[in-house]
Each structure stands twice: as structure tokens, then as C-alpha cells.
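Colleague: Before I ask anything, let me first share the structure, which is written out below as C-alpha cells.
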Amino acid sequence: MAITPTLSAGVGYGVVLGLGIAFALGMILVTFILRRYNRELQTSEMFNTAGRTVKSGLVGSAVVSSWTWAATLLQSTGICYRYGVSGPFWYASGATVQILLFATLAIELKRRAPNAHTFLEVIKARYGTLPHIVFMVFGLVTNILVTLMLIVGGSATVSALTGMHTIAAIYLLPVGVVAYTLVGGLKATILTDWIHTFILLIIIILFSLTTYATSDILGSPSAVYDLLVDAAARHPVDGNKDGSYLTMQSREGAIFFVINIVGNFGTVFLDNGYYNKAIAASPVHALPGYILGGLCWFAIPWLTATTMGLAGLALESSPSFPTYPDRMPDADVSAGLVLPYAAVALLGKGGAAATLLIVFMAVTSATSSELIAVSSILTYDLYRTYIKPDANGKSLIYMSHVIVVSYALFIATFSVGLWYAGISMGYLYVMMGVIISSAVLPATLTLIWGGQNKWAAGLSPVLGLAVALIAWLVTAQKECGGLTVACTGSNYPMLAGNVAALLSPLVFIPIFTLIFGVDKYDWKSMMDIRKGDDHDVAADAGVDLDQVPGGHDETVAEFEDEQIKLTRASKISKTMTVVLTLAFLILWPMPMYGSGYVFSKPFFAGWVTIGIIWIFCSFIGVGLFPVWEGRKTLIHTFKSIYLDLTGKASIKTIHAQDTAAEGKTSPGDVTPPEKSGPTEEISSH
């Protein structure tokens, strides 16, 4: 359906290009400041691992930003529009548990392979070449699918709001991201993640308070409730209790819940971007960072969709709604346009501008994470492993830069093809699990079970993919009699394919274990993964590599102390993540689903209130807490800038004072740079 754009194309170009370039220039300046005053030299290690010194607040905000795709905002709102209040919860809980469970994997990665740059290096160290290549393919396919979904969904929204041509949006959205990623690497990505998350949360709070408190059209949970009852009377939801939008008992919603859980295991456990965050974290901050990120992220899709999805339903009978007097076409819902349409109906041009801004933030921040993820895979797992094993720091940095630019061009061109083929963001979202989820269990067991042999690890994902494709396409053929985009993207074929993908390794791994025997892995080869050699980069810059974050060689005592902390964190994470997962998947939603309870007006008001309180807690956790946690670094940086600009101290004097102060700083004041992993001394120990 052709809808007149609320904003002009000039606004679209201004945001996509202007804001993108502004962020790029800002991060270039920040990178310069960090190098000049904090000695953060852009080595290959710093580019790909941020020096392994990031604290829990920034790790949490980076996790939130990386997991807040365009689909988080757009797809969750569309699911709410289709199924009512159950949709936002199914989306949020079905995608939160993976982050919580990944916390355990993050700790195991840091404990068993402290010098790894990607999770694929761990696969190579343990199993050898064949499984490494298999997982490299699955890992890259995961990154490609995620990035495609980001660009396709984001460009569709930009085009709908501004009239900017979709192909122009596709090619221009990554421009600013590529610029600041090239200059600042993973550290710049993490810092922009925090900025994006901060702005995103403020706009979500604005939307929720407008809808449920201040709007002249809605303005209270009671008004929204009454309009949802009217909407159910006009078009009851098939499969929902009493056809209501105000119940957790939704047949189609529950099917989406299963698809969502299965698909998102693949997009977390196989996306090197999440391993990058774990690698970048200081050892003691990885667990709290991921737990904080998971809990704070939950409120974003839950409240965004509960606000804007329900607002879309409530306002579709209003002349202010873009499709009035008709309902939204299913194609528009699948394309993620419920959120922008509801924002326009609620706030006019201001709502359109706010939506454009949050979609831009979601797309660019998650895309930067994917750029670094693909760059680190191709740099370390392809280039350094198979092409130039003795590559120095300069070569690794150069290769990383080339890959970032090349990958952005590849994704933009691929996205144009999908646009012409009519493949939407919603289709990509539910299809991902079919393609990638068969590698989730073998990848997980690589870090937590020493008995998985290389044949089980290498062949189970391939055979699982074959089973998943057969289940998906056969079900579609049986359901619809054809393999159209609409049919293959419907719930039952996707359910069959996703479940077959995730669960088939439960059959294949035991079979290969029986045939080839249980492996008796001692975990030592993972410890031998080496860091990049950045002595040439440090020498050219005239600095001591030992003073650069991540450049110091670890002593036996430091290594053993780190391992004690990580072992303790591993025990805590296993208990905590299981408890939280049970709470989100069973204890909270299942009694409400089983009882078929239809929300009363007071219960709905309480439901909304909890969501608003949660989003404020999220803002404190990943918006304000990182500033507080990094206050000493911020104070030091601003003080150094002042001394430098006023001529009261030279850079050499500032650095000399920093070096002298390091010996006097108490252990709790700052997080020391994570050191190099096991040296020969440690190995012999």
C-alpha cells in the first residue's frame, strides 16, 4: 500500500548521511583523544579486542546495542499488532535467555582460551582444519543474515518515513559506520554502542509515557484497553483466547515463541560479535556485563512493542493512522512498518523523526558489531591461519580495514537483490534459525564438554542443515502446495525447519560419538592461541608495547589469579543463568498461558507499569552506570585535555605521571589491562 511519507527525502538523507558522518567524526576525535591521553595505540589487538579491558557497564550496553537490531523494534511491534500482549513478551523472553545463557559460554571462552580473537580459533585449536572450515562457513552465514536483516529492515523504514529511495538508503546507511569502525575498531564500536543505547532508551521512554500518560488521543492504560477490546470485536485474533488481544494464550504467538527461541540461539551462539564482546571484557567483568545486558535488553522489545504495537491496534480506526480506514496490509506488517505508522498517528512528524532516529541507531550500532565480527574472522581465521601465519601487526590491521570496506559493499549489494526479490526483514528473521541453528549445540559443547570428537563437531552442523531444509520445504509444500515466499515464510514451515535444525544434533552427536569414540581433550591447545604481534606498530609509534592496553606479557601469578576468578565466575554463571532462564520461559509466562487469563483493566495497567519501571532500570543500568563505572578514566581524560590545551603540562609529563601513579593505585580503582595468556613459563608451570 502506498503511504505518503511523513517526512521529506531531505530529512532521510540528512539523518542517514549527516548523522552517520557526525558519529564518524565524533568517534575519530574520541579515538585520537584515547590515543593521545590514555596511550590506547591502535594495534591489531586493540582494533579487534579493545585491549581486553572493557568493564561490565560498557559490556552490558554493547550487548544491548548489538542485540537491538532493527527487528528488535520493528518485528516485535509487528508481532504485537498480530497477536496482542503475548507477542512482545514472547519476543523479549525468547531472545533474552540466549544472552543470559551465553554468559556461561563467555566465561568459558575467557577461561579456556584467554588469547582468542574469535570463537573459530577455539574450534581450530581443538579439532583441526575440517571442523574449523565448517564453523567458519556457519559463522559467516550468521553474520551475513544478521547484517542483511539490519540493512533491509532499516532501509524499508527510512523509505516509508521519508520517501528516500530504498536502494539509496541501503548503500548510504553503512557509510558512517564503516568510517568510525575503520578508525576506532572494536573500542569505537563499543563506545558508540553506549551512545546509541542511551538515545534509544530515552526515545522508548518518550513513546511509552506519551502513549500511556500524556497523549490527547490515548493518554492512559484505560483508554488503550478500551480500544483494544473494540479492536478484538472488529477482528478477533484466530487462536487467541476469546479472540482477545489482551491474553497470553495465543496459539500463533506460541508458535512464534518457539521459532524465536530456536532462531536466536543461532544468532547469539554463532555470531562472533557476541564472542567479541566477551573477549573485549576484562575477566572479572564478562559475567556481570552479560547478565546486566540481558536483563536490561528485555525491557526494550517488551515495552516498545507493548507501547507501539498496541497503539497501532488502538489507533488504526483513527483518521490519524496512515492506512485509515483500512487495516495494515500483512506485507507492511512483515516489513516492520507498524512502529513508524503508530508513531506518526501518535506524534505526527515528531513521531516519525523519533522512529527514524531509533531505527538509524539500531541499524548502525548493530552493523558496526557485525563489521568487526566478520573482519576478525577473515583476518585471524582465514588470513593469519591459512594465508600468512607470520603476519605482523601492520598486516593484520590492513587486512581488517580491507575486509570492513569490502563486507559493507557486499552486504549493500546483496540487500538490493533481496529488495528486488521481495524478501523482507520479517522473512529473514524467522528463516535464520533454519539455516544456522544446527551448529549451536556442537559449538557450545566445544567449550563445555571435553568428550565431543572432531567428526561430531564437523559433520553434525552440515547434516542438521540438510534435515532442517528438508523439514522446512516439505512442510511448506504440504501446507500450501507450493514454495512461494509467503508460504515458506509462514509459521508452520518455519517451525518445522527451526526445530529440526536446533534438535537434530542431539541425534547426530551421539551417533558420531558411538562410531568414533569419546574424545579425551585436555584443553591445552586452546591455551596456545597466540595474540597478534604488534611490536612493529608500537615501534613505529615510538611507544613501549608493554604500556599499551593488552600488550603486557602475563606472569604466572597473574595468570593463576585470573583463572581463580574465572572459575568462580563460571560456577556462579551456571546457576544464575539457569534460574533466570526458567523464570523467563516457564515460571512467568506459562501459568498465564495455561490459564487463558484475559487481562482485566487494572491488570493491564499493572502490566504496563512494570514495563515502564523496567525500562527506567535499564536506562540506569546501561545508560548511566557505564558513566559512573568509568568516572576515574573520564576525570583523568578531561584533566589531561585541560592540562595539554592550557600548556600546564606536556603529553610526556602527563604520561610520566600516569606511569608513576600506576604503582600507587589501589586494585579496585581501575581494571588493569588483560595480559597475554599463557607464556612458556605458564605452560611449563
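Even glycines carry a Cβ here, placed using N, Cα and C.
Here TrEMBL flags 56-77, 89-109, 130-152, 164-183, 195-213, 254-275, 287-315, 335-363, 427-448, 455-475, 495-518, 604-628 (among others) as transmembrane segment. Per TrEMBL, region 'Disordered' is recorded for 658-685.
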Colleague: Could you check whether the transmembrane segment (254-275) and the transmembrane segment (89-109) come into contact, where contact means at least 3 Cβ pairs under 8 Å with the two residues of each pair 6 or more apart in sequence?
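Modeller: Contact between the transmembrane segment (89-109) and the transmembrane segment (254-275): present, because at least 3 Cβ pairs are under 8 Å.
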Colleague: When you scan the chain for residues with a C-beta under 8 Å from the transmembrane segment (427-448), skipping those not six or more beyond its ends, what do you find?
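Modeller: Distant Cβ neighbours of the transmembrane segment (427-448) are 71, 75, 104-105, 108-109, 112, 119, 122-123, 126-127, 134-135, 138, 141-142, 145-146, 148-149, 152, 256, 259, 262-267, 269-270, 334, 418, 456-457, 460-465, 467-469, 472, 485, 488-489, 494, 497-498, 500-502, 504-506, 509.
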Colleague: Quick check for me: are there 3+ Cβ pairs below 8 Å between the transmembrane segment (89-109) and the transmembrane segment (287-315), leaving out pairs under 6 residues apart?
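Modeller: Per Cβ check, the transmembrane segment (89-109) touches the transmembrane segment (287-315).
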Colleague: Checking distant contacts: for the transmembrane segment (287-315), what same-chain residues at least six beyond its ends satisfy Cβ-Cβ under 8 A?
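Modeller: Residues packing against the transmembrane segment (287-315) from afar: 54-64, 67-68, 72-73, 76-81, 84-85, 87-89, 91-93, 95-97, 99-100, 102-103, 106-107, 200-201, 204, 207-208, 211-212, 217-218, 223-224, 227-228, 231, 245, 277-278, 281, 321, 328, 338-339, 341-343, 345-346, 569, 572-573, 576-577, 580, 584, 607-608, 611-612, 614-615, 617-618, 621-622, 625.
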Colleague: Counting Cβ pairs under 8 Å that are 6 or more apart in sequence, does the total for the transmembrane segment (455-475) and the transmembrane segment (195-213) reach three or more?
Modeller: no
